[in-house]
Amino acid sequence: MAADSVHSTYPPKLSPAQEQFLVSTIKDWTIEHGLTVRPPVTFVSQEAVSKGVLATNAPVTLFPSPFPKACFEEARAAQKVYNELYARITMDEKWLGEVIEELIDVDDFVAELWKVHLAVQKQGYVQDLSLGLFRSDYMPHTLSGSQTSSLKQVEFNTISSSFGGLSSRVAALHSELLTSPPGHSLSYPAHPLFDGRVPPENTAVETLSAGLAAAHQAYGPSKSTPPLPLCILFVVQEGERNIFDQLALSTRLSSFHKISVFRLITSEILDRTSIAENNPLRPLIYNPPHAENSPFEVTTVYLRSFYAPTDYKSDRDWSARLQLELSAAIKCPTVLNQLSGCKKIQQVLADPNRPDHLSRFVPTEETQEQLRRTFAPQYDLSSNSRGRELALNPERAALHVLKPQREGGGNNIYKDAIPAFLRSMPESDWKGWVLMELIQPPTEASNVVLRSDGEVVSGNVVGELGIFGTILWKSNGEILHNEEGGWLMRTKGKESNEGGVAAGFSSLDSVILY
Ligand code: ADP
Ligand code: MG
Ligand code: MG
């Protein structure tokens, strides 16, 4: 099916009564199935939030979004190759260090992370296993006048890759709406795209949990004397609104894999954990608050915090990160693996003049080409470079986005704001940023969004597909586990540049493949 004919009649029109009926059904479904977030403080009072008893629907689309099947399959097929690429970059401290070195003088956050690595290196790493729970994000790039789209990568995430939990629930919601008998409270009006179609299976929860479980198993027996029971530790932000997404993984780990899981906020790491004294193996000990005298040994630390500078409020938080990094627990991710996800690395890999970078890590020409096809043009801003020329020319800059070495959304500079932004900053700092050509997704797509505050908004939208993958490797190059599985569709208003759900720009969606 051609993109324009798909989007021109989609989604099916709803009368006001039908829309109200569908919205109220979806509101109830989200609470019934935990497709929820804690309410924003702008929506209910701080006092109500602090009681910890409230939840509201996650922002969701009323309809699944049409997505080109060939692009979806191409993204899935590339995931294990991408997993291995970022594992191999992480193993290559010399190559990674050379890229990171460039950023250290201009980016304090990157510099602090690198310092943690150096401090651990000084004492020696005691854990040679690393775990990655990754998400590779894409948009279909559709040239005007063309009927087909090519898949382009927006970015690759190596830390706190979120929404696996909630995303599978959106797929379940849309599937239920698509397969209910007509007139049932959960059903859509007819549309040709719906005939026999449901969103593809979404195994994000199973895949991500299996990655964590694989690390837990690979850790082996307790390194403490006497031996302690083992657990996985989720390190989380205080007041996390997206907690139900995380609970989907911890619940799966405890109920299916029979692994003890604890949640710990970053500010309590130094109070609740310690590295066993006089034990050269450096096991990480966790003392649960509800059972002070029954400590656990942490096999795997899963970070859903520590990805942004705001997660490090003081030196104490950097000491906490260092303590985790020094310990024998398997880190998801290590500091080095976190740094491998810098936007700068993605720009260097995509540099058409330096194919040697990609071929250093990806064995065959065929797999290199498989990844290269998904790269959008990216540039550094060095003097006399093409990147600098494009970024400073208002007409050319309008087709680009400028990115710093940050995660979590809300950090980029877009289009015509780029030249003035760069000029407001000393030229010596420009090397902390990369310029990327904007991917052009189909412009005529529409959907309707139910926001967390209950507002319903409809209009032109743009979708971003994420594919989840997990990989467990040894520093000697051995790969113990490499899996692809599960996906995330996020949809934002066409006028909005940014796409983060947690940052409030977009909503959770699923896909109907065409
Ligand atoms: P972050 O790590 O903060 O999520 P991203 O690189 O994903 O950074 O950028 C944030 C958002 O900006 C994306 O979700 C997407 O909506 C938009 N974006 C980033 N790069 C591009 C691009 N090359 N073309 C179009 N949109 C982009
Ligand atoms: Mg990111
Ligand atoms: Mg992103």
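Quick reminder: no glycine exception, Cβ is built from N, Cα and C everywhere.
The Cβ of R241 (substrate binding site) has 19 other Cβ atoms within 10 Å, all protein chains considered. Under the heading substrate binding site, TrEMBL lists R135, 159-162, 240-242, Q246, 304-307, R490, 501-502.
Annotation note: Y414 (ATP binding site) sits in a strand segment as assigned by DSSP. The Cβ neighbour count for Y414 (ATP binding site), using a 10 Å radius over every protein chain in view, is 16. Per TrEMBL, the feature ATP binding site maps to E155, K343, 403-412, Y414, 436-439, E464, K492, E498.
Per TrEMBL, the feature Mg(2+) binding site maps to E155, N157, E407. Around the Cβ of N157 (Mg(2+) binding site), the same chain contributes F134, R135, S136, D137, G341, E407, G466, each under 8 angstroms and 6 or more positions distant in sequence.
Residues or ranges marked as domain 'Glutathione synthase substrate-binding' by TrEMBL: 231-340.
Per DSSP, the secondary structure of the domain 'Glutathione synthase substrate-binding' (231-340) breaks down as 41 helix, 30 strand, 39 coil. Residues E155, N157, E407 make up the record's Mg(2+) site, and a Cβ search at 8 Å around their centroid adds R135, D137, F156, T158, I159, S161, G341, K343, G408 from the same chain.
Counting neighbouring Cβ atoms within 10 Å of each of the binding-site residues (R135, K492), the lowest count belongs to K492. Non-local neighbourhood of P404 (ATP binding site): D107, K343, N411, N412, G432, W433, each in the same chain, at least six residues away, with C-beta under 8 Å from its C-beta. When secondary structure is read from DSSP and collapsed to three states, K492 (ATP binding site) falls in the strand class. A gap of 24 Å separates the Cα atoms of Y414 (ATP binding site) and S160 (substrate binding site).
Proximity to ligand 3 (Cβ under 6 Å from any of its atoms) holds for these binding-site residues out of E155, S162, G410, Y414: E155. The two recorded residues, R241 (substrate binding site) and L438 (ATP binding site), have Cα atoms 30 Å apart.
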